[in-house]
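Visitor: One structure coming up, written as structure tokens, with questions to follow.
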Amino acid sequence: MTDRYAVFGHPIAHSKSPQIHAAFARQTGQDMCYEAILAPLEGFTESIARFAAQGGRGANVTVPFKEEAFRLADRLTPRAERAGAVNTLMFDADGILGDNTDGTGLVADLTGNLKRPLATRRILLVGAGGAARGVIAPLLEQAPAELVIANRTVSRAEQLAELFDGRLRACGFDALDTPFDVVINATAASLAGELPPLPPQVFGTGALAYDMMYGRDTPFLAFARAHGADTADGLGMLVEQAAEAFHLWRGVRPDTAPVIAALRA
């Protein structure tokens with residue numbers, strides 16, 4: 001019987017996840033199907049329960065349900081506990097396992113696809129919301145020289161930094177006066193077509209500016225290019241986090257490069 005998987009979100013029609021997982025399944029010969037399900041804002045838990053009762057084997061979770069999925073899971077992986085959010089669920093005899101593959105996906109895209117080593121590099125993480133929290137531990141595991149979290153509300157960045165051990169600190173945008181090797185935009189500003197108030201000097205020589213958003217050019221990427229930085233959007237992260245979820249579910253690791261290339265074509 002074909003195993004069922006799905007991604008749950010609100011909105012969800014724009015999701016590329018069904019296309020990505022269909023490509024992974026073809027590539028690896030897995031008998032599975034994957035769909036996008038619009039969950040009501042007040043009905044996420046019920047939607048997941050219904051899907052599992054109908055034989056669903058696992059699910060991805062996107063905005064705005066990742067924190068709710070964290071609370072729903074019976075068991076959590078260590079990286080999900082650190083992230084405080086869940087983007088991958090697996091249903092088994094012991095209940096619901098919650099995982100978070102976002103940070104692993106980001107690091108895989110940066111170090112693998114983009115060939116940007118992070119060890120001994122200075123990294124600036126812009127934003128202090130859920131998207132930022134989900135990637136901090138995997139970034140710190142790469143042993144950067146320093147990870148700086150910058151946010152409009154400095155206290156939020158400080159509270160976030162206190163949750164983790166390592167070479168990291170928090171500051172406001174006005175305190176950014178030194179160059180970085182990698183600048184990651186984890187804010188929702190790009191969704192609104194806005195630019196975080198970054199000073200141009202954050203982009204060091206040969207710096208990479210990375211926007212977690214994908215699908216269109218953003219003011220952040222245009223600003224970074226105008227100040228000499230290399231740029232990348234979050235499409236590779238999307239595919240890499242999907243590959244990590246696929247591996248959790250199926251025990252097979254797909255080749256992401258052809259899938260990323262097909263989505264960019």
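From the backbone N, Cα and C atoms, a Cβ is placed for every residue, glycine too.
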Visitor: Looking at Swiss-Prot, which one out of G103, G105, G234, G236 binds NADP(+) in the same site as G127, A128, G129, G130, A131, N151, R152, T153, V154, S155, R156, M212?
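Guide: According to Swiss-Prot, the candidate sharing the NADP(+) site with G127, A128, G129, G130, A131, N151, R152, T153, V154, S155, R156, M212 is G234.
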Visitor: T45, T62, T187: which one does Swiss-Prot list with S15, K16, S17, N87, D102, Y214 for the shikimate site?
Guide: T62
Visitor: What whole-number value in Å do you get for the largest C-alpha pair distance within G127, A128, G129, G130, A131, N151, R152, T153, V154, S155, R156, M212, G234, the residues recorded as binding NADP(+)?
Guide: 27
Visitor: Express the distance between the Cα positions of K66 (active site, proton acceptor) and D102 (shikimate binding site) as a whole number of Å.
Guide: 11
Visitor: Over all shown protein chains, what is the count of other CB atoms within 10 A of the CB belonging to V154 (NADP(+) binding site)?
Guide: 17
Visitor: Using a 10 Å radius around each Cβ and all protein chains in view, which of these recorded positions has the most neighbours: K66, R152, R156?
Guide: K66
